[in-house]
Amino acid sequence: SSGAFLIPYLIALVFEGLPLLYLELAIGQRLRMGSIGVWNSISPLLGGVGIASMIVSFLVDIFYNTILAWVLWYLFHSFQDPLPWSQCPLNDNLTGYNVECEKSTPVNYFWYRETLNITPDIETSGSLQWWLVICLASAWCVVYICCIKGIKSVGKAVYVTATFPYLVLTIFLIRALTLPGATDGLVYLFTPNNITVENYDHWLEYLNGTSPGEVASLDLTHCDLQTFLDQSASGTGLAFIVFTEAVIEMPGSQIWAILFFVMLFSLGLSSMFGNIEGVLTPINDLKLVPKWMPKELITALICLVAFLAALIFTLGSGNYWVEVFNSYELFPQTEVKPYPDWVFAIILLLCVLPVISIPLVALYKLICCRLKKSSVRTNLNSYFNNGFEVETQEQKNQRA
């Protein structure tokens, strides 16, 4: 829709995104604690906000690394000449091309069949795709190595993951500007479309896309599988369908594909750093693990649990589950039919699980105060953390 997306994006960025970012940075730097410790220090009744943030971070951790696994799968295949998604594979008896691929395109076939081996609907789970399991394990190993020492090791990795994407984007920009019709493309990109601006869905997406601790989006759409295969140009389709189809038309397509998928992996890795720390720090603040347990082991356990939970995304129905966690969409299917009620029950659970912790923690605090017959002024102060004891920075320094 041309450059119309910039209008709601910039408004949401200035009036919501930047203030919330500054708020998190300010209170985090001032109190030197994670999300739970920060909100407990502000008010014990708000401790549930930190718990909600931790839950959201963990849910994002579970599915987000699956996208990195897909990126690794494409990256490994980018070293082949010709690229495997540039032509249809031969059939079993080697007498012609695969019939299913010929009815679609080589790019779609490689994504939906060779990569996902997707099932017709979410109820047909299929089996674990071993190649995706290996890529998922590799992605989690990279995340663990980068986060093994906490902020110290993450800080070193960020030097690469934060700068390399800009280098690749600059290379792509220079290449794009040298192509015929580059001027027309730039004019189209930055010319607002009034119809798109007036679409309230875009405003809701950007305004709801920023929240303390996490970024989430809600896109209520519905399509059948054929439409999804043919017209997908956003989300996973943008990276794994549209670009892969464009890159095979470029000279030296292997080099461009390698650069693109390394850039995607760097971007995803940078996001995972924040998500992992969004789980690790609150767990340490709550002292849920023994003091003798090193942080390296805690990080390994969290990565292992998330990896095991993420195996559901490597099933034949894994792409549907990624959409459940990511967008809460009505997902692509071979024919228009209502989804089973248990799918919507899971969607409702994903929505309620983080939010419900906020009133529950506040209620728990009030009950504890009432049982101990303590005054509100004494108990509901900035340093009272009954039931959710959080170690302050001063206590950490004294213990050290």
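From the backbone N, Cα and C atoms, a Cβ is placed for every residue, glycine too.
Listed in TrEMBL:
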type	residues	note
BINDING	LEU267, SER271	Na(+) binding site
TRANSMEM	6-25	transmembrane segment
TRANSMEM	45-76	transmembrane segment
TRANSMEM	128-146	transmembrane segment
TRANSMEM	158-178	transmembrane segment
TRANSMEM	255-276	transmembrane segment
TRANSMEM	297-322	transmembrane segment
TRANSMEM	342-367	transmembrane segment
| Is it the case that the transmembrane segment (158-178) and the transmembrane segment (128-146) have 3 or more CB pairs under 8 Å, with pairs at least 6 apart in sequence? | no
| message | With CB pairs under 8 Å as the measure, which of the listed stretches 6-25, 128-146, 255-276, 297-322 comes out on top against the transmembrane segment (45-76)? | response | 255-276
| said: What residues elsewhere in the chain lie close to the transmembrane segment (255-276), defined as a C-beta under 8 angstroms and at least 6 residues from its ends? | reply: 57-58, 60-61, 64-65, 67-68, 71-72, 74-75, 78-79, 83, 142-143, 146-147, 154, 157-158, 160-162, 164-165, 168-169, 171-172, 214, 239, 243-244, 247, 299, 302-303
